[in-house]
Amino acid sequence: MVDQVQHPTIAQKAAGQFMRSSVSKDVQVGYQRPSMYQRHATYGNYSNAAFQFPPTSRMLATTASPVFVQTPGEKGFTNFALDFLMGGVSAAVSKTAAAPIERVKLLIQNQDEMIKAGRLSEPYKGIGDCFGRTIKDEGFGSLWRGNTANVIRYFPTQALNFAFKDYFKRLFNFKKDRDGYWKWFAGNLASGGAAGASSLLFVYSLDYARTRLANDAKAAKKGGGGRQFDGLVDVYRKTLKTDGIAGLYRGFNISCVGIIVYRGLYFGLYDSVKPVLLTGDLQDSFFASFALGWVITNGAGLASYPIDTVRRRMMMTSGEAVKYKSSLDAFKQILKNEGAKSLFKGAGANILRAVAGAGVLSGYDKLQLIVFGKKYGSGGA
């Protein structure tokens, strides 16, 4: 009998959305149900993750949001195309809804780099202050600056996920019960890192452009000031002119490292804590597993958040006179000049953004049921 495929519940999506971009965005992993509810998981953004019961080697990470869409081989082409398209619409809706919080997160995270470049007059005092100043200086619509690049990124990322999924699944096909925990664990990190880096290679420049646009504050000083970039195409044009291709990929190496670091923390924590806490009546409890996955997702996300900060701070130096020599140099300079706290700036807004995205996805699923009578692929925020 063929296993029945069902879409993830609202609770599962909420867990997957919480602490997403990032390290932008950013390891997300798919939620996998046991037995007849098993779902083929696609890759996600490495800064955050949904949880699994238990985590398996089928989870591969890239910079995409967690989107539950099956490959053409797993379903008819027409249904696949509908799933892919509706997943894109869902991604666009959820990303657009959460875009204001996303921009605030990026502004707070990169404000020290902006101040050094003379593009911000004084630091933000918090999330509320950042919202208020941005709306006052640039207008309400500016909260969505950079969102176009973020939405566009969904489609090539999903296509690349399908292309790399089967290859790396076969290449690192280790089983925990057959090959042992450590070989399975290493294979999981390798497959996630390889798949993530492969997809990231093609879409990284869009993440770079999104970051630069979001951090392009209009009024750095009293009296206002012009923007550095006029739009997405202008980011590419100016970066290529001043720094060449390398400018579009600044921070790429540390981004790949972030995929492996996040997955290592996530799997390591889950496998270590689950046997200790989920015992007796809690062993088969959905809510207990949900809570554990939620806590571990946040723990791994916060622990790897400094990597996201370093890579984005490196992005901000493209086109500038002074650049970091490497990711290690960036890390050392930030610690020396700004303190460890600076590595976690924007983490609070990141959590809010994920919660907002999860809420929008839940509502969008309900809308699909009303309009189409069924749910199609869902895009993450």
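Heads up, the Cβ atoms here are built off N, Cα and C, so glycines get one too.
Straight from Swiss-Prot, the features:
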REPEAT    78-171  repeat 'Solcar 1'
REPEAT    183-276  repeat 'Solcar 2'
REPEAT    284-370  repeat 'Solcar 3'
TRANSMEM  80-107  transmembrane segment
TRANSMEM  148-172  transmembrane segment
TRANSMEM  181-201  transmembrane segment
TRANSMEM  252-273  transmembrane segment
TRANSMEM  287-307  transmembrane segment
TRANSMEM  347-367  transmembrane segment
Answer key: the stretch among 148-172, 181-201, 252-273, 287-307 with most Cβ pairs under 8 A to the transmembrane segment (80-107) is 148-172
Averaging pLDDT over all residues of the repeat 'Solcar 2' (183-276) gives 86
Treating G and I as helix alongside H, and B as strand alongside E, what does DSSP give for the repeat 'Solcar 3' (284-370) in helix, strand and coil? 72 helix, 0 strand, 15 coil
Determine how many residues of the repeat 'Solcar 2' (183-276) DSSP places in helix, in strand and in coil. 73 helix, 0 strand, 21 coil
